[in-house]
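Accompanying notes for the structure given below.
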């Protein structure tokens, strides 16, 4: 038994034989049971998952100058492995060694991807709430990734051993605890980040309103200049805010967008993994619904990549560099 019951992706031999024999009625019956629901996931993986993750890999394979870029590259690699392994397993390879290899790759990629998402949420929380103590660089990020990979390997070995020894309760408890803890940590971290950004936006908007009112009244009431100067000298109003009102507005808008993006990240993670969590707990959620967890790997490059202004700028820079190199080759 695999850690996430992904063996249900496999099409049975009856389905393949009926297709070869040309029995349309039996073929249609098997299609309705095995293909219709997983096919939605498979189409999403092929149409969106592969291009999105590969784009992130191509952009950042030679551009890992920051820890964020390192994390995005590692997440894209893990999600690509999940997509490839899921498709291969769904094609019902009968070779035992092949299935075991891709099953192991899938399990490792799943755990690694979740650990990375949890760590990124924790790192973002520290960066937002304690920016002065936050110190992360690409070298440290790569060390953390190696630690995650080691922990993932040990976790998979432990769960496989528990399954082999028929310690079902250990297997179920470990998987359930891991998914539950990951979801709770992510929801808590992103909730705290959202509250912090919202609080900063409210304080900043109030500060801008007071400053703008004082500045606008200076020309009509010269005596107010004395009062305004007193506020500045006393520290109640920062003189620097007079010249950065537009920048503050842009920053507040960016914070609001970040809050919405964090909300989307949390909802997508919970929705994609809830059926798998319920299935591990023993609830009947349908044999095909558990495949929804793969969609998390499909949308990750769009949430963490395309929705990021940094990634879009990196794409434009990569396009300009590629066009320049191609022009140089043909001239």
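All positions are counted from 1 along the displayed chain.
A Cβ is built for glycine as well, from the same backbone N, Cα and C atoms used for every other residue.
The average pLDDT the prediction assigns to the domain 'G-protein coupled receptors family 1 profile' (52-304) is 76. Taken from TrEMBL, the feature domain 'G-protein coupled receptors family 1 profile' covers 52-304.
Annotated transmembrane segment per TrEMBL: 40-61 (among others), in sequence order.
TrEMBL lists 73-95 (among others) with the feature transmembrane segment.
Per TrEMBL, the feature transmembrane segment maps to 101-122 (among others).
The transmembrane segment feature in TrEMBL is assigned to 143-164 (among others).
Sequence-remote contacts of a segment are chain residues at least 6 beyond its ends whose Cβ falls under 8 Å from one of its Cβ atoms, and for the transmembrane segment (176-198) they are 111, 114-115, 117-118, 121-122, 124-125, 128-129, 155, 255-256, 258-259, 262-263, 265-266, 269-270, 273, 276-277, 280-281. According to TrEMBL, the feature transmembrane segment maps to 176-198 (among others).
Annotated transmembrane segment per TrEMBL: 258-278 (among others), in sequence order.
Taken from TrEMBL, the feature transmembrane segment covers 290-311 (among others). Here the transmembrane segment (290-311) has Cβ contacts under 8 Å with residues 4-6, 8-9, 37-38, 41, 44-45, 48-49, 52-53, 55-56, 59, 68, 72, 75-76, 78-80, 82-83, 86, 110, 113, 117, 261, 264-265, 268-269, 271-273, 275-276, 279 of the same chain, all six or more residues outside its ends.
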